[in-house]
Amino acid sequence: MESGLPSNRNEEHGVPKDGSWFAQFRNGSNPWMARYVYAVIFLASNLLAWAVRDYGRNAFPEMEKLKNCQGGRACLGAEGVLRVSLGCFAFFSVMFLSTARTPKMYNCRDSWHSGWWSAKIALWIALTATAFLVPTFIVQIYGEIAHFGAGVFLLVQLVSVISFITWLNDWCQSDKISEKCRMHVMSLATASYVICIVGIVMMYIWYAPESSCLLNIFFITWTLVLIQLMASISLHPKVNAGILTPGLMGLYVVFICWCAIRSEPAGENCIRKAEESNRTDWLTIISFVIALLAMVIATFSTGIDSQCFQFRKKEAPAEDAVPYGYGFFHFVFATGAMYFAMLLIGWNTHHTIKKWTIDVGWTSTWVRIVNEWLAVGVYLWMLLAPVILLRFRQTSEAA
């Protein structure tokens, strides 16, 4: 991506002549690199929340002395996760308030976003430590608000994913490359549908082995119906959205359905991981690590996609315009802090989760399922809205 940039790229972005990563980090001159530093801070908060939840009682015995934590016990487990999340949320909220609506580079707010790392890391540590000193009732209130904030994060991520899929489809159908990409589009769409069918069949085998597994059968069957519905509407002559977008959306909803069923508590007759629920093996640990990294990557990729939320007509950016919305970036990470808290406690502030598990519980399952249905609803609305608005406009002009 960077090979086609002009030779004076360093000057355009304010990068010093010594273009090393260390120099850019020290001088705070590269907003693109700053994203990765914030992602590392966010990952560190995730790991700290997990450590407090699973190993806090043994690693932090001195917390028994904290008065605001009910003898220290309430600061660990689910509440410990919420306290780490509160510190992370406070940090990114401060960054959001201090960088929102930054229009151009080379000013104090741009420098604050891309630099001052010693001060910001100290701020993050201080806010995280302070979160363990606040009274329990404040943490409980935050836990209730975090449900809403995590929902906002899922909605933002959903719009970002759908926008990327539609952008990819529009790019492949553009006049310049439509002929060259025709075979690639057909191959990708065919592969998407094949993977969807295979995924549906495998979920029937793994998670609906008996006819009594009515709930899982309903989840899987309804997912298949939604895929068919998206394909039918997309291929309708009045919509004519092609076959690629419903195929990619099919992959997305099948993945969400799989995550939802995987979130069901171990021990259910329709979940074949029940016999392994009492022990931690290497597969459980790897699954946990992958889920944690996927959450960080999803937050990172969504945070730089502020373009999909610009409803006004897009104009060519100025030469000194910021490369991405700083405020939106930090807003996504702030809601992401609430989201990782909900995943680690299973969306239940009074729920105890076993070690090396993430996003487990019936609440997590239904959150995933509702997210799947909402994804299909938003996608269908994006397809049908232009047709409905056109017909409404024609009716108004005729009247």
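Each residue, glycine too, has its Cβ placed from N, Cα and C.
These numbers come from a predicted model, not from an experiment.
Long-range Cβ contacts of the transmembrane segment (36-53) within its own chain (Cβ-Cβ under 8 Å, at least 6 residues beyond either end) map to 25, 59-60, 75-78, 80-81, 83-85, 87-88, 91-92, 95, 117, 121, 124, 128, 292-293, 295-296, 299-300, 329-330, 333, 336-337, 340-341, 344-345, 353. Annotation source TrEMBL lists transmembrane segment at 36-53 (among others).
Residues or ranges marked as transmembrane segment in TrEMBL: 74-97 (among others). Nonlocal intrachain contacts for the transmembrane segment (74-97), taken as residues 6+ away from its ends with a CB within less than 8 angstroms of a stretch CB, comprise 38, 41-42, 45, 48-50, 52-53, 56-57, 60, 63, 66, 113, 120, 123-124, 127-132, 134, 136, 139-140, 142-143, 146, 149, 327, 330-331, 333-334, 336-338, 340-341, 344-345, 348-353.
Among the features that TrEMBL reports, transmembrane segment is placed at 117-138 (among others).
The transmembrane segment annotation in TrEMBL covers 145-168 (among others).
The transmembrane segment feature in TrEMBL is assigned to 188-207 (among others). Counting residues 6+ beyond its ends, the transmembrane segment (188-207) has Cβ neighbours under 8 Å at 213, 216-217, 220, 223-224, 227, 242-244, 247-248, 250-251, 254-255, 257-258, 261, 270-272 in the same chain.
If you look up TrEMBL, you'll see 214-235 (among others) marked as transmembrane segment.
Same-chain neighbours of the transmembrane segment (241-261): 161-162, 165-166, 168-169, 172-173, 185-186, 188-190, 192-193, 195-196, 199-200, 203, 207, 216, 219-220, 223, 226-227, 230-231, 233-235, 271, 359, 364-366, 368-369, 371-372, 375-376, 379, 383, counting only residues six or more beyond its ends whose CB sits under 8 Å from a CB of the stretch. Per TrEMBL, transmembrane segment is recorded for 241-261 (among others).
Taken from TrEMBL, the feature transmembrane segment covers 282-304 (among others).
Residues 31, 35, 38, 42, 45-46, 49-50, 53, 78, 81-82, 84-85, 88-89, 92-93, 95-96, 99-102, 109-110, 113, 143, 145-147, 149-150, 152-154, 156, 291, 295, 299, 302-304, 306, 309, 351, 353, 358-359, 364, 367 of the same chain lie 6+ residues outside the transmembrane segment (324-345) yet bring a C-beta within less than 8 angstroms of a C-beta in it. According to TrEMBL, the transmembrane segment annotation covers 324-345 (among others).
The transmembrane segment annotation in TrEMBL covers 373-392 (among others). Remote same-chain partners of the transmembrane segment (373-392), defined as residues 6 or more beyond its termini with a Cβ less than 8 Å from a stretch Cβ, comprise 155, 158-159, 161-162, 166, 226, 229-230, 233-234, 238-239, 241, 245, 249, 252-253, 256.
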